[in-house]
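What follows is a set of notes on a single structure, which appears directly below.
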């Protein structure tokens, strides 16, 4: 697909940068510039760094968490936890072969997992917004089916290695290119495609066993 290519060829034969990938690289480059001063305690650098990662973390958490009615926290709450944890972790960050953005997504993945673990231990059954009158919206049966499908999907995803889950979320749910995903997790687009292929094959095998 054209959206999965780093560049596109125009009718005149020129190759044009993929805007989404260019934006991802711009953000990664800015983060790499800011992380040094931020780790040294520069408040302006920390503020600029948080401004850059906030929309990415928000999109990631919303995509991973979906409907949060059964959780004790909302996606917005988890985003705030991620941002706070990032601030505390900045002085300890070392590149170690992966980008700062990959480091942030690792924090986000842990916070999302924590939210789901809390939900399993202390489930929430919201009643605050029950309507007083009949509604044409989905009824209890339909909502139960949707909730069950979401639960089954989360259960199925648990058979995957954490990094494979992250790749599927970024590639399929967020719609990122292989190159954008590679930038985020600190690897190459080719490795991302291999991980995606293996993860999907694993899920297909699990579905066959379940059926």
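Positions of Cβ are set from backbone N, Cα and C atoms, glycine also.
Database features, via TrEMBL:
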COMPBIAS  1-11  compositional bias 'Low complexity'
REGION    1-23  region 'Disordered'
DOMAIN    51-120  domain 'RNA polymerase sigma-70 region 2'
DOMAIN    157-205  domain 'RNA polymerase sigma-70 region 4'
DSSP composition of the domain 'RNA polymerase sigma-70 region 4' (157-205), residue counts helix/strand/coil, works out to 38 helix, 0 strand, 11 coil
Residue counts for the domain 'RNA polymerase sigma-70 region 2' (51-120) under DSSP, helix then strand then coil, are 54 helix, 0 strand, 16 coil
In the domain 'RNA polymerase sigma-70 region 4' (157-205), averaged pLDDT is 84
